[in-house]
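The transmembrane segment annotation in TrEMBL covers 81-102, 130-151, 181-198, 242-264, 276-299, 331-353, 368-388, 442-461, 467-489, 501-525, 531-552. The feature domain 'CBS' is assigned by TrEMBL to 696-754.
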Amino acid sequence: QLTPSSFLRIGQLSNVDLNEDIRELETELPRQHPNEIPHNEKLLSLKYESLDYDNSENQLFLEEERRINHAAFRTVEIKRWVICAMIGILTGLVACFIDIVVENLAGLKYRVVKGNIDKFTEKGGLSFSLLLWATLNASVVMVGSVIVAFIEPVAAGSGIPQIKCYLNGVKIPHVVRLKTLVIKVCGVILSVVGGLAVGKEGPMIHSGAVIAAGISQGRSTSLKRDFKIFEYFRRDTEKRDFVSAGAAAGVSAAFGAPVGGVLFSLEEGASFWNQFLTWRIFFASMISTFTLNSVLSVYHGNAWDLSSPGLINFGRFDNEKMGYTIQEIPIFIFMGVVGGILGALFNALNYWLTMFRIRYIHRPCLQVVEAMLVAAVTATVGFVMIYCSRDCQPIQGSTVAYPLQLFCADGEYNSMATAFFNTPEKSVVNLFHDPPGSYNPMTLGMFTLMYFFLACWTYGLTVSAGVFIPSLLIGAAWGRLFGISLSYLTKGSIWADPGKYALMGAAAQLGGIVRMTLSLTVIMMEATGNVTYGFPIMLVLMTAKIVGDYFVEGLYDMHIQLQSVPFLHWEAPVTSHSLTAREVMSTPVTCLRRIERVGTVVDILSDTSSNHNGFPVVESNPDATQVAGLRGLILRSQLIVLLKHKVFVERANLSLVQRRLKLKDFRDAYPRFPPIQSIHVSQDERECMIDLSEFMNPSPYTVPQEASLPRVFKLFRALGLRHLVVVDNRNEVVGMVTRKDLARYRLGKEGLEELSLAQT
């Protein structure tokens with residue numbers, strides 16, 4: 001274990017986050033580059049703040065709510081629906097943009113490389129083609145990686161872990177900014193065109209969430225434009241509901257699966273749920289699929305034929321050819337077990353790789369170099385595999401976009417090239433639908449092996465990229481292999497159609513890596529347009545999840561844990577009934593009096609050692625008979641707004657008549673409240689008094705100090721609190737429970753463990 005002094009050292013040197021920039025570090029420590037950052041996954045980082053899901057019901061809030069009549073509430077409700085429609089439309093358009101640009105750029109790249117290969121196959125010198133392909137890939141990926149590493153590191157990866165944290169109530173810096181959206185979209189286009197083993201589906205979820213957060217606020221803080229609309233929604237409670245709608249719209253645009261989107265948002269994301277929210281989210285998802293569908297139909301030239309509901313279209317599976325029988329159920333379950341084991345292996349490898357990256361590859365320039373290396377290696381591996389493969393198939397009747405002839409006879413093409421010489425989405429569809437006999441088992445085996453390691457190496461690079469499609473592709477390849485070997489064993493019986501096994505393998509592999517059950521079943525059913533497979537897909541996913549969880553966590557949870565985020569799961573750890581609120585809470589608590597000196601408030605807020613965000617307000621009577629009982633709770637952001645507007649009373653007994661603050665003043669400062677250092681308070685003003693009674697929340701949630709940890713946890717998690725005050729039997733404040741105090745306790749291998757807190 002690390003000693004406290006080494007903790008402080010880490011606090012200066014490192015950042016235990018994949019996505020935080022190292023620029024702050026370079027300004028603090030000139031010319032001291034640590035080669036290794038000590039990183040311990042048994043830490044919780046203190047740099048993440050919580051979101052406030054609980055409205056502060058102070059006098060201003062109550063007055064405003066009482067002024068609003070029934071008709072005004074109805075307009076608020078209509079605004080909510082309008083925002084959801086806008087979220088759906090914009091998410092659909094962003095998805096179209098990504099799709100069309102990727103299709104054109106990738107098509108251009110493959111045409112150039114194919115022409116080059118065809119030219120050099122005849123007269124020798126294929127190494128030039130390899131150089132061309134690798135250089136093209138590496139340069140495209142370099143651009144995509146530079147913008148992520150140097151401009152907005154949060155846009156790296158698929159963004160699903162970050163959105164999951166945001167919906168759980170953790171404020172991840174920059175996660176729903178406009179800049180992040182732009183970098184994300186450009187980055188994902190470049191990394192898919194650069195031929196990395198990635199998909200464009202995961203980042204759609206993040207993009208949808210950013211769009212939702214932006215629209216629902218009616219202004220852009222990045223562009224400094226305020227449109228003066230939707231001001232009622234400028235608080236965490238409302239913003240978070242819209243973000244879950246945006247995430248659902250993203251899934252729905254990516255897979256053409258509106259119901260799957262709603263269920264994804266429910267299963268992976270939203271911590272708070274009600275019927276109205278479900279219905280609105282479903283509306284946003286439907287609109288997003290419809291927008292994507294209509295725009296792509298117009299783009300492909302058949303305006304009235306709505307046939308491309310999602311970015312990836314698995315194509316229709318026919319029922320006649322593709323039914324399944326009872327005796328295949330055990331086979332599917334076995335495939336689920338294989339998928340779970342392979343998924344756990346993928347996650348374990350990726351875990352060690354990510355630890356290595358956090359420790360050693362933490363400078364942006366190194367991250368860019370690594371991304372270029374991976375791109376070049378991916379191209380080289382693909383080229384060598386195509387070059388060595390002697391698996392030729394006749395071109396007649398096949399639907400290959402870029403058939404490479406290479407060393408095959410005229411009128412034939414190299415079937416390894418259909419897997420590598422294509423965007424991953426197309427390869428998945430080919431594996432599902434190519435007729436039996438299109439692939440040699442050797443080809444599939446080699447492809448699975450290579451792609452598994454490439455995809456594992458690629459996830460966690462500093463590029464925007466999803467893990468959905470690569471895992472579907474790995475699974476489809478070994479599933480098809482499995483189907484072919486079955487028909488060998490059963491001497492070519494009709495029921496072993498390889499396409500069906502490719503679908504099951506894809507489900508098993510994806511379920512084994514990300515461990516989603518409900519939403520993934522529905523997404524696969526909607527994407528294949530076939531309900532008959534609902535039952536086998538469900539069995540496969542359940543098996544994959546159970547087997548995978550036995551070994552290691554899901555990929556997203558693992559990355560959340562590696563970033564030391566204080567994430568609260570659905571339930572408190574099972575064995576935690578022995579702990580009470582007294583042992584969990586943070587003490588001592590910094591309290592404010594109801595009428596407090598301005599100087600005291602400024603000093604408390606400026607104190608860097610205690611970076612508290614909520615302060616209990618106690619009775620200010622100094623006489624000895626009365627207890628200083630709890631009167632309310634006030635937030636740091638509210639105090640800053642009060643100091644900024646200088647809401648002071650000159651002497652304790654004299655009340656000044658001045659402009660009363662309205663709730664609008666607090667909303668205008670949201671979400672980026674100014675730091676206390678930027679607010680100037682003169683020496684005379686420090687002697688004034690400040691009256692907190694109408695700004696504090698007079699009814700904060702409290703628990704007695706004897707309450708057990710699961711009880712505290714349930715209250716905290718279900719209401720989405722940020723602060724929970726612990727009081728004794730005389731209603732005096734004895735402690736405070738925040739998210740970090742609860743996220744500290746986790747079930748490990750030996751039972752309940754307590755994580756240590758680090759300042760990084």
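Keep in mind that glycine also has a Cβ here, set from the backbone N, Cα and C atoms.
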Do the transmembrane segment (276-299) and the transmembrane segment (81-102) share at least 3 Cβ pairs closer than 8 Å, excluding pairs fewer than 6 residues apart in sequence?
yes
The transmembrane segment (242-264) vs the transmembrane segment (368-388): three or more C-beta pairs under 8 Å (separation of 6 or more)?
no
Ranking 181-198, 331-353, 442-461, 467-489 by the number of C-beta pairs under 8 Å to the transmembrane segment (368-388), which range is first?
442-461
Do at least three CB pairs under 8 A connect the transmembrane segment (531-552) and the transmembrane segment (442-461), leaving out pairs fewer than 6 apart in sequence?
no
Ranking 181-198, 501-525, 531-552 by the number of C-beta pairs under 8 Å to the transmembrane segment (331-353), which range is first?
531-552
Give residue numbers and ranges for long-range contacts of the transmembrane segment (181-198): same chain, 6 or more residues beyond its ends, CB-CB under 8 A.
94, 97-98, 101-102, 105-106, 109, 133, 137-138, 140-141, 143-145, 147-148, 151-152, 155, 159, 206-207, 210-211, 214, 374-375, 378-379, 382, 423-424, 451, 454-455, 458-459, 461, 463-467, 469-470, 473
For the domain 'CBS' (696-754), what does DSSP give as the number of helix, strand and coil residues?
16 helix, 24 strand, 19 coil
Kindly state the mean pLDDT of the domain 'CBS' (696-754) in the predicted structure.
86
